[in-house]
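Asks: Sharing a structure here in structure tokens format.
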Amino acid sequence: MHLLERQHDIQPLSRADMTIHLNGQPVAAAAGETVLNVLNAVGLRRLARNDHGQASGAFCGMGVCHCCLVAIDGRPKRRACQTVVRPGMRVETESNRFDQEERP
């Protein structure tokens, strides 16, 4: 499986310290960068869906608006802008909604 290309970095990634998985695809990441930075670097802008099925993406980039919610390692509703990447991390976009069967 080949790595997703980071075509949208502001500066080229000088050193990839790890690999994480975005929607099942591996991508290089650097220590200290956020999940949102990696998502932006590979061009993933649609991160979630609202109650009306409309796509949404990151808005504030600092954890206030909660528009960048993704599932990380199976845990829903994690803020991509506030989460630092870890080796082997698994990120799923547009999967932050609870299914009816999962509701308490």
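Glycine residues also receive a Cβ, built from the backbone N, Cα and C atoms like all the rest.
In case it's useful when we look at the structure, here is the feature table from Swiss-Prot:
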{"type": "BINDING", "residues": "CYS60, CYS65, CYS68, CYS81", "note": "[2Fe-2S] cluster binding site"}
{"type": "DOMAIN", "residues": "16-97", "note": "domain '2Fe-2S ferredoxin-type'"}
Asks: Setting CYS60, CYS65, CYS68, CYS81 aside, what same-chain residues sit with their Cβ within 8 Å of the center of the Cβ atoms that define the [2Fe-2S] cluster site, listed in sequence order?
Replies: LEU36, ALA58, PHE59, GLY61, MET62, GLY63, VAL64, HIS66, CYS67, ARG79, ALA80
Asks: On the 0 to 100 scale, where does the mean pLDDT of the domain '2Fe-2S ferredoxin-type' (16-97) fall?
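Replies: The answer is 91, the mean pLDDT of the model over that range.
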Asks: Using the structure shown, find which entry in CYS60, CYS65, CYS81 (the binding-site residues) has the sparsest Cβ neighbourhood within 10 Å.
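Replies: Candidates: the binding-site residues CYS60, CYS65, CYS81. Fewest Cβ atoms within 10 Å: CYS60.
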Asks: For the domain '2Fe-2S ferredoxin-type' (16-97), what does DSSP give as the number of helix, strand and coil residues?
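Replies: Here the numbers are 7 helix, 28 strand, 47 coil.
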Asks: Would you mind checking how many other C-beta atoms are within 10 angstroms of the C-beta on CYS68 ([2Fe-2S] cluster binding site)?
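Replies: If we count other Cβ atoms within 10 Å of CYS68 ([2Fe-2S] cluster binding site), we arrive at 27.
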